[in-house]
Amino acid sequence: MLIGVGTDIVQIPRIEKILHLYPELFAKKILASKELKQFALLGKINHAAFLAKRFAAKEAVSKAFGVGIGQGINFKDITILNNDLGKPIVEVSSNYTNTLSPFNIHLSLADDYPVCVAFAVIESSYNVILG
């Protein structure tokens, strides 16, 4: 059963400006601990694109849940990692998911300066009603 679909587009220059003003604060605000470790390993030239993709991905996932960021789910409740082939893997905090049946989140990310886009689909094998 389809639970929801979400998409988001982020202007990478917007994230560059935020990073210039708040170099550490912004990353700590939107990244979960596992993502912060990945972020620390990147060269500074890749920071804005990484953050833009994570921001867009988390917005898309929250929209697919039908709630949006700050309305039942927060940036740090969603972790975006990559498998060995680079496929995005989504982990959602048990604080949010413990009331839901098992589900799968499919996420696609793309960036081509100056934009990045995220598209999320959430599905379940059970009948679930959100909201």
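Using N, Cα and C of the backbone, Cβ positions are placed for all residues, glycine too.
Bear in mind that the values here come from a model prediction, so they are computed numbers and not experimental data.
Here Swiss-Prot flags Asp8, Glu59 as Mg(2+) binding site, drawing on sequence analysis.
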Local backbone state of Glu59 (Mg(2+) binding site), from DSSP in three classes: helix
Local backbone state of Asp8 (Mg(2+) binding site), from DSSP in three classes: strand
